[in-house]
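Over in TrEMBL, the protein carries these features:
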ACT_SITE  ASP36  active site
BINDING   ASP36, GLU223  Mg(2+) binding site
BINDING   37-41, ARG49, HIS53, 81-83, TRP85, ARG87, ARG204, 210-212  substrate binding site
ACT_SITE  ASN84  active site, proton acceptor
Amino acid sequence: MINIIQSWWNKNKAQKLPVPTLSKDNIPRHVAIIMDGNGRWANRRGLPRIVGHQTGMKAVKRAALAADEIGIEYLTMYAFSTENWKRPKDEVDFLMRLPEEFLAMELEELIEKNVRIQMMGHPEELPSHTIAAMEEAMRRTENNTGLVLNFALNYGSRREIKETFKEAAEALASGALTPADITEEWIGEHLYHTALPDPDLLIRTGGELRLSNFMLWQLAYSELWFTDLYWPEFGRDQLAQAVAEYQRRTRRYGGLS
Ligand code: IPE
Ligand code: IPE
Ligand code: MG
């Protein structure tokens, strides 16, 4: 019993500690997170998978507030992939309710914190209630100048790249572009989210060491950080730990340091 109280106390105390020795001039501008492990978190407790998703929402809020506090400018959260439609309908339906639930609970506080909400992915296949909630949040935060909180929702990187190919093919066919115009910059500017810089740091929770069709183009030179912790267990300390590790890395981009 004493141990339980002690560990609870340590955990809560730790949550309130100042961000550990992060250098202020080397904060990653854009952090992207693959929020994985909700189902396994729930299974381990003998709970239905959806309880893991529900609990994971609290971690989204913790991560956003912590990112803001650390001084990260853009936080992209992988919330639903183009492949996640393969899951049982009940689970998909539940996941599609989460954005509106999250925003109903958190939007006011996010607005107070000057957070701007954005989305990348295909809105046209999302249920109308999901897209309505996202559109309202984007509209109400469009003039905010703080943290950009970008939700990847119905997002798949290969589809994103394929659509950029099609756009290029059409522009070539119509004569609007010549092959020489198709540069890396042109491609980067024609992916979904042109206003975001490439992620400096990618975090994946849940123990899997893969990208699962996430930002394949944009992650070319991102630093990768993996943790076995499940997404519902993620919080400020883990984000600070990932950023601290990022600050110890040397980014060479193929050159010499
Ligand atoms: C991540 O958790 C959330 C989504 C993919 C929507 P999972 O649902 O993938 O959880 P695991 O990986 O099965 O534990
Ligand atoms: C990646 O997780 C997608 C999201 C976190 C939204 P998955 O659980 O779908 O990935 P795989 O299937 O294990 O690769
Ligand atoms: Mg998973």
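Placement of Cβ uses the backbone N, Cα and C atoms for every residue, glycine included.
Here the features listed in TrEMBL are placed on the structure.
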| residue | record | DSSP (3 states) |
| --- | --- | --- |
| ASP36 | active site | coil |
| TRP41 | substrate binding site | helix |
| HIS53 | substrate binding site | helix |
| THR82 | substrate binding site | coil |
| ARG204 | substrate binding site | strand |
| LEU211 | substrate binding site | coil |
| GLU223 | Mg(2+) binding site | strand |
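With the fewest other C-beta atoms within 10 Å around its C-beta, GLY39 stands out among the binding-site residues GLY37, GLY39. Within the set of recorded positions ASP36, TRP41, THR82, ASP36 have a CB atom less than 6 Å from some atom of ligand 2. Taking the C-alpha positions, the distance from GLU223 (Mg(2+) binding site) to HIS53 (substrate binding site) comes to 26 Å.
Taking all protein chains in view, 17 other C-beta atoms sit within 10 angstroms of the C-beta of the residue listed as 'active site, proton acceptor'. Within the group of binding-site residues (TRP41, TRP85), the Cβ with the highest number of other Cβ atoms inside 10 Å belongs to TRP41. Counting only residues at least six positions away in the same chain, the Cβ atoms of ILE33, ILE34, ASP36, ARG210, LEU224, TRP225, PHE226, THR227 sit under 8 Å from the Cβ of ARG204 (substrate binding site). Residue density at LEU211 (substrate binding site): 15 other Cβ atoms are found within 10 A of its Cβ, drawing on all protein chains shown. Taking a Cβ distance under 6 Å to any atom of ligand 1 as the criterion, the recorded positions ASP36, GLY39, THR82, ARG204 reduce to ASP36, GLY39. Proximity of the recorded positions (ASP36, TRP85, ARG204, GLU223) to ligand 3: a Cβ under 6 Å from the molecule is found for ASP36.
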